[in-house]
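Student: Dumping the structure here so I can ask a few things about it.
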Amino acid sequence: MGALSDSIMDYGYGLAKRAAREQGGILSGENPTHFDTANPIRIWVIQLVIIICMTQLLATVFAKIGQPRVIAEVVAGIILGPTVMGRIPNFSRTIFPTESLPYLSLVSTIGLVLFMFVIALELDVSVVRKNARASLAISAAGMVLPFGAGVGVAVPIYHHFIDPTKASFGHFLLFVGVAISITAFPVLCRILTELRLLDTQVGVITLSAGVGNDVVGWILLALTVALVNASAGLTALWILLTCVAWTVFLLLPVKWGFRWLAQRNGSLESGQPTMSMMTITLLLVFVSAFFTDVIGVHAIFGGFIAGLIIPRDNGFSIALLEKIEDLVTILFLPIYFTLSGLKTNLGLLNDGTAWAYIILIIVVAFFGKFVGCAVTARAMGFNLRESGAIGMLMSCKGLVELIVLNIGLSAGILDTKVFSMFVVMAIILTFITSPFTILIYPERVREHASAIQHRPTGDDAKKQRRPTFGDSTGPISLMTRFTIVLNKVEHLPAVMTLTQFLQPPLKLSSTADTIDSNKSLDEKDAALDSTGAQSTLPGTTSVADGTPRVSIDALRLIELTERTSAVMQVTAADELMNRDTLISVLRTFGHLNRIPVSSALCVVPRDTFSSSVASHARDTDADLVVIPWSSAPSAIEEGSQNVDGIAPQNPFDAIFGGRSAAVDKTTSVLYSQFVRRVFVESPTDVALFIDRGLSPLETSATYGQHIFLPFFGGPDDRLALAFVVQLCVHPAVSATIVRVKKTEGLEESETRLTDDAKAQQVAATLAANNMTVHSVGPDTVYPQTTTQTRLQSETADNLVWVQMTTSEAQSPAIQSALSRVTFAEASSPIPLAEILRRCSDEHAAAVANTKGLLVVVGRGRRMATESHTDELRGIITGASSSMAIGGEIRRTVGDVATAFIATGAKASLFVLQASENIGDD
């Protein structure tokens, strides 16, 4: 009878023997570690705590060196087993007494069945269909060659280590061939995701080949188990036929019935399984496991087959997985690997012969997979690096290998010594997969799908670079490619309004104006094409007045967690984007306004959010990266709030009337650190949009947007100046640009806080207001400016100012924009106070004209012309005590923007930083 059935019988027998017992517990002098069959929960909890703590500790350590969690789970089991902790006197007898192992075995078997169900949910056969030729060839080569090599190496191992009376020679050869040839698909998915290979051709082909390899491997393993458990050849045939019949029964009528039921109760439409569907699913999993177990095949195959029938429509399988994966990953799997570790005794590998065979097994297992897959990939047209990466990735083993080995041990095919030898092989091959893949296929040689899609070709590549503002007196060029990090519904109104401001309204001919308003959008598009308005279509490069067309690229960031559902989201990125509400709304908005909108989904660890944004901006050749920041928690801060259940604090909440600033301030730093890292790592210009609500754009001339820009000088301010002029190309946008110079007019005692008493007062104010004095994350540190670079910057400032205030030699669109811009100059010993006063006046004027106010400033952290530290300190000290202003905000947005935030300016803020290499050839 199978393992699951035996475990259930042992557990039931233990329950039947329960008798009355003392209720005093440890107060009566009972030893909580004493195993009692009538009450096994005590020792079970002790075992569970030790197992989970050891696993989590090692997982943290191995994660630092880029290793998957399975390494920690396997090593934790070995440490708790006879190899390490078992050598401590009475440790195994006290913590893992032999009588308690059936209870652990039952729990681990339940978890293993659920885990195999999870593996089946991960398998997407459609991936194989999309790349059938290459994936099937690589998968076949990755099975045949290592299987043959495994059979070859099994012969001497059998004669040296295996007792012929306990294991058949044929069964051993078949089992070793399967163990050598199988690929750990769950570990492969995790490695591909963490190395950001899933959007490369290498990742897609490897994933497709891994699916085929996994399915064939489990079929061969089921055949092996059936042969071992059968007393005669005819019995094995009946076992195999019964298993095939059960599989067909589940994959056809049961699958149809399950889909019909999911559609009937709305689970499939909503993408969220109801409680009744979860009940049916779990019953189906365990009934299938029971059936395969009682017919002589291991229970895990039943769970695997049940997972294959779950529909993937509308993210249903991902939502179902999210409801069970935590219990499986945190509780069940560590117990299983601990039991595996208890069976592993590396102390038996105490002679040179054993280690020689271990090296032989590792070499055969690695080169069998690597050569078979790499050579086939090379024959399919991949280059040497890509072929090597495919071979390296397909050689990973991981937890699937451990499952196979444990089945072989329980079936009597392997003994403890040979089992330990294969465990060492699995650990080493899994350990080397990630570092060797990075070595063979580094980031610099990878071709991501987004880069291929947006890469300019031919003469277009030479025209893509935007000239630097201020490096000449020629015509002003405009930015056309914008990447927006879009993560919240609250971002959409401001992003859509900003997008409309960036693209002026289309100028249609009078014929086009007569188009019937009752026609559909597609009919209107066709009519516009026939009336000579072709220049307004998204595929063109400019609108009717010659203004370059803008394109929007929305980038969604999702945190890659340890959960399997996060990995499945990566593999289903296209489906997720198609049904994503934010992307759909923005796409529709772009279509209605003839603005091309593309989208991308990036599922990466939190620490690589900024580098992912920078890489995406580089791949898409973006002119400007826009990062919205509103008063509600962003998806990056949430990182997922859905995952951890924690709603981090936004530093601007107290200022903009959001949540209380008294919430845990540690998480408030995360988003500002992300923004600062983008400022540092981005190869292009970056803008931080602190939204307080832009006014809606209406057709009436009495609505619109007014912009206020204080111009101090420096590359960031020059970029801000050019951006404001570009916004003013829209007829509903006007601007006031003030060039501010700091003069000496007041006594130093009136403008500087230098004495110790006032310094202590500032520090006390910051502490009382929950402010951050010191940054816990990296700051954007730039080289010190020299006299030469400062003179060059001032010269560029003067050139830009003359260029903007003189509309000669400019395009009609720029001349029209400059006509709506008011230029002014101001000098003050307290320039921040001066611009705050002017901003207040501009706000009053904008309200009178029913317009919204947007303040655009340069970040000013690089090559700033003036230092505002002392004046800003005074402004912060005099600000309202309810506002959380401090070092984190200042480091993120700069001094000028911090002054507006500290005084509660009634305007949205747009903070720009120019890239360091702008203007470079």
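Keep in mind that glycine also has a Cβ here, set from the backbone N, Cα and C atoms.
Straight out of TrEMBL:
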| type | residues | note |
| --- | --- | --- |
| TRANSMEM | 41-63 | transmembrane segment |
| DOMAIN | 58-435 | domain 'Cation/H+ exchanger transmembrane' |
| TRANSMEM | 70-89 | transmembrane segment |
| TRANSMEM | 101-123 | transmembrane segment |
| TRANSMEM | 135-157 | transmembrane segment |
| TRANSMEM | 169-192 | transmembrane segment |
| TRANSMEM | 204-230 | transmembrane segment |
| TRANSMEM | 236-258 | transmembrane segment |
| TRANSMEM | 279-310 | transmembrane segment |
| TRANSMEM | 354-377 | transmembrane segment |
| TRANSMEM | 389-413 | transmembrane segment |
| TRANSMEM | 419-441 | transmembrane segment |
| REGION | 451-474 | region 'Disordered' |
Student: Taking residues 6+ outside the transmembrane segment (279-310), which of them lie with a CB under 8 Å of any CB in it?
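Tutor: Residues 1-5, 109, 112-121, 123, 218, 222, 225-226, 229-230, 235, 239, 242-243, 246-247, 250-251, 254-255, 258, 261, 273, 316-317, 320, 324, 403, 407.
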Student: Using Cβ distances below 8 Å and needing 3 or more such pairs, separated by at least 6 in sequence, tell me whether the transmembrane segment (70-89) contacts the transmembrane segment (389-413).
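Tutor: Contact criterion met.
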Student: Could you check whether the transmembrane segment (389-413) packs against the transmembrane segment (204-230) - three or more CB pairs closer than 8 Å, residues at least 6 apart in sequence?
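Tutor: These two segments touch.
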Student: Most CB pairs under 8 Å with the transmembrane segment (41-63): which of 101-123, 204-230, 236-258?
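Tutor: That would be 101-123.
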Student: Excluding the flanking five residues on each side, which residues at least 6 beyond the ends of the transmembrane segment (204-230) place their CB within less than 8 Å of a CB in that stretch?
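Tutor: Counting only partners 6 or more residues beyond its ends, the transmembrane segment (204-230) has Cβ contacts under 8 Å with 119, 123-125, 127-128, 130-131, 134-136, 138-140, 142-143, 168, 171, 174-175, 177-178, 181-183, 185, 188-189, 192, 197-198, 236, 239-240, 243, 296-298, 301, 304, 373, 377, 382, 389-390, 393-394, 400, 404, 407, 411-413, 571.
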Student: If we skip the immediate neighbours and take only residues 6+ beyond the ends of the transmembrane segment (236-258), which ones have a Cβ under 8 Å from one of its Cβ atoms?
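Tutor: Result: 222-223, 226-227, 229-230, 280, 284, 288, 291-292, 295-297, 301-302, 305-306, 308-311.
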